Amino acid sequence: MNQYLSRLTFLKKEPIIVFFFLAIILALNAIGLYHKQFTYDEGRHYEFGTKMLELKSDRYDDSKMPVSALNAMPLKIWTMIEPYKWSQPFRSLRKMQRARFVTTLFSVLLATFVFRWAKALYGITAGFISLTLYSFSPNILAHSRLITTDLFGACMTTIALYSYWRFIKAGRWGRALGSAFVLGLCQLTKYSCVFLYPIFLLIAIAIYSPVVLELIRKRSYLLLLRNAGRFFATAVLFIIISLIPINLGFYCNKSFTKLSQYTFKSDFFTRLQPKILQIADFPVPTPVPYLEGLDWVKYHDETGKGFGNVYLFETLRKGKGFIGYYFFAWLYKVPLTAQLFFILALLTFFRKKSQRCSIQDELFILIPVVFFFIYLNFFFQAQMGIRLFLAVIPLVHVFCGRLFINWPNFRPAAKNLTIGLLVFYIVSTLSYTPHFLSYFNELVLDRKFTYRILGDSNIDWGENQWYLEQYVKKHPESIVTPPAPIAGRVIVTINDLTGVNEDPNKYRWLRENFKPVDHVAYSYLVYQVSGDQLQRIINNYKTAK
């Protein structure tokens, strides 16, 4: 009886604890926000969002999506109410930081689904541990306050998979309609969400193939035919319903344009188009800007245009990625506690069946994780940072909850170890406050040397100009981004130093002959170059010639 009352009391406190974690997410995103300037991509996303609010959805950039209209909404509301006297308390809406806050709200929404799904699968303790992992994830925090689509895509991917899980688990046409509609909403956030269509299919095949094999074994061909018809009807329903938000999101801009009227850029769509036209010149049931954007994204991935040099372990490539790039991004940029929990969760998945949920339940998490891991590591060329892997991270946090299904039966030592690892996780993340974008775990002993591993948006995205200005005020003798070799206190951005954005030879003299003595917000490296050292380098260069 006492145990029952204790559990009942804990359940009553559940909303308070969840709210506490959501407040932490809001607070951590607010810290340092006003000193963070717009990243290289935010301006274009915001511009597309304002165009969407003007009912203009024509494509002029490959990856900008209608969801950015939500970021542009606060300023739009302010311009509408500004003429009225009662509008003065809402003046803060005109600040661009309010646009970023919209993304933070979606991060909070995603947190609730991480908790809800982990709790449903593995129990309330697992739900809170998964929520802890999410709330203090440096990569989630880094992108929860930006006017970009990475966090939106991660949020909607998790919600779509959760909705699909509920439909498959319980059936009902209402849930099927809801799941299909959410799948369509996903397509308005990020083009990587298009892979949810084959992922949904793979999940269905994995779940229903044992049933199909059993029917074949029993020679129940009539029942097999009925189930196949039901499966086909459901698939068609998902496609049709998901097209509704896609068309509405792009204002039905030239929807049902015939395929022959498209002019594609990418080799993939250029080769596919005539093959389909041999069958029929059918009207494409999506808006032109949607399919155009998908084509342009594929074109840039094929050619390497639209993004800088790809960098890994002091090696640069143009237009071609590295096999295993995201494995190494995961290894160095995800906190070690989360990696350990995930590995142990995988081991228990293969060795021990969950007492609360079936293997089929967990396929809704593992199949997307494996799919994106294989695709991004082996087939994707535009390797611009772990942000493109962001959709996987909340799913991993949910899956880690399976370790704690039997938490009440854990020995005190195991509980203390878990708590210790979580504290280590939190401290590791907070040690980078407010520069979560630049986070590297403890495998990098000296944070000044992260540039030897990764570059691009893994470390710097152009958001730390204010911190550089403060540093230069304290050190007015600093020489920022010198055009040629020079002696003194030299400061360069990591992406210029490594050649991600600049000619890699420009700072070769600095990169190969000096070690940084300091950093500015992890984005800029500070070197102390003496005149004698510089002259020696110049002489060696002349001799080598």
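Cβ from N, Cα, C; glycine included.
These numbers come from a predicted model, not from an experiment.
What TrEMBL says about this protein:
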DOMAIN    96-219  domain 'Glycosyltransferase RgtA/B/C/D-like'
TRANSMEM  16-34  transmembrane segment
TRANSMEM  99-115  transmembrane segment
TRANSMEM  146-165  transmembrane segment
TRANSMEM  195-216  transmembrane segment
TRANSMEM  228-250  transmembrane segment
TRANSMEM  323-350  transmembrane segment
TRANSMEM  362-380  transmembrane segment
TRANSMEM  386-405  transmembrane segment
TRANSMEM  417-437  transmembrane segment
For the transmembrane segment (228-250), could you work out the same-chain residues 6 or more beyond its ends whose Cβ comes under 8 Å from its Cβ atoms?
57, 66, 176-177, 179-181, 183-185, 187-188, 197, 200-201, 204, 208, 285-287, 289-290
Under 8 angstroms, Cβ to Cβ: which one of 16-34, 99-115, 362-380, 386-405 has the largest number of such pairs with the transmembrane segment (146-165)?
99-115
Feature contact check the transmembrane segment (323-350) with the transmembrane segment (16-34), CB under 8 Å, 3 or more pairs:
no
For the transmembrane segment (323-350) and the transmembrane segment (99-115), decide whether they are in contact, meaning at least 3 CB pairs lie under 8 A, counting pairs 6 or more apart in sequence.
no
Same chain, outside the transmembrane segment (417-437) by at least 6, Cβ under 8 Å from its Cβ: which residues?
28, 31-33, 35-36, 129, 132-133, 136-139, 141-143, 335-338, 340-341, 404, 410, 457-461, 463-464, 521-523
To what whole number does the mean pLDDT across the domain 'Glycosyltransferase RgtA/B/C/D-like' (96-219) round?
95
Need a quick answer: max count of Cβ pairs under 8 Å to the transmembrane segment (99-115), which of 195-216, 362-380, 386-405 is it?
386-405
